[in-house]
DNA sequence: AACTCGGGGCA
DNA sequence: TGCCCAGAGTT
């Protein structure tokens, strides 16, 4: 397991690799953010950003999603994939907002996670981006990178990865950490074909060094 | 713990 | 044209 100091050193190096910020979901209020993040499950932010401008021109509040036919909403979001589940969840979620939260987006992670289509990652993104609640949203990139580097343990579940990151990263850097690790995971420490041989973190990376040793054996 | 949902993007 | 991407719900 990497120490607090080593983790912050790693984050600093990653920061140097990617000066610009992560692509973010287009939204202008907490409700639009919530919808956009629910839509973004299993697809990229840029893909979601292609449908949300039209979507938010047509739908402005929970009641608009409740009123529309499921099939029509499915067509409005069809291009992002998994559209039946997502349309169903958005209609259900919108009804919950009206019935339980006076039509507003709740601010706590527990309340957010009670909504259809909102899991731990989505709840953390909404809580932190819309309401400034300190949180680290752990997606597959953050999880994979944290495990390879040895920030957390291999067997940790998402909650444990999140808790370990919160312990090892200063609170004021949580939001930035999320973006940096996603960027690093998507473009460099990829799930398949990670770029270990040119990685500036190789010296401190347990998995990277292991992979390099395996390559040496393979290629004589 | 494994399975399902489903398009777009890119080699 | 087939592989790769990327969470939440269900069983």
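A Cβ is built for glycine as well, from the same backbone N, Cα and C atoms used for every other residue.
In TrEMBL, annotation is done automatically, which means it is predicted and not curated.
In the three-state DSSP assignment, the secondary structure recorded for residue A:205 ([4Fe-4S] cluster binding site) is coil. Taken from TrEMBL, the feature [4Fe-4S] cluster binding site applies to A:189, A:196, A:199, A:205.
Mean pLDDT, taken over the domain 'HhH-GPD' (A:39-187), works out to 96 on the 0 to 100 scale. Summarising the annotation, TrEMBL assigns domain 'HhH-GPD' to A:39-187.
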Neighbour count (Cβ, 10 Å) for residue A:196 ([4Fe-4S] cluster binding site): 19
Which of A:189, A:199, A:205, all binding-site residues, has a Cβ with the fewest other Cβ atoms inside 10 Å: A:199
Counts by DSSP class (helix H/G/I, strand E/B, coil) across the domain 'HhH-GPD' (A:39-187): 104 helix, 0 strand, 45 coil
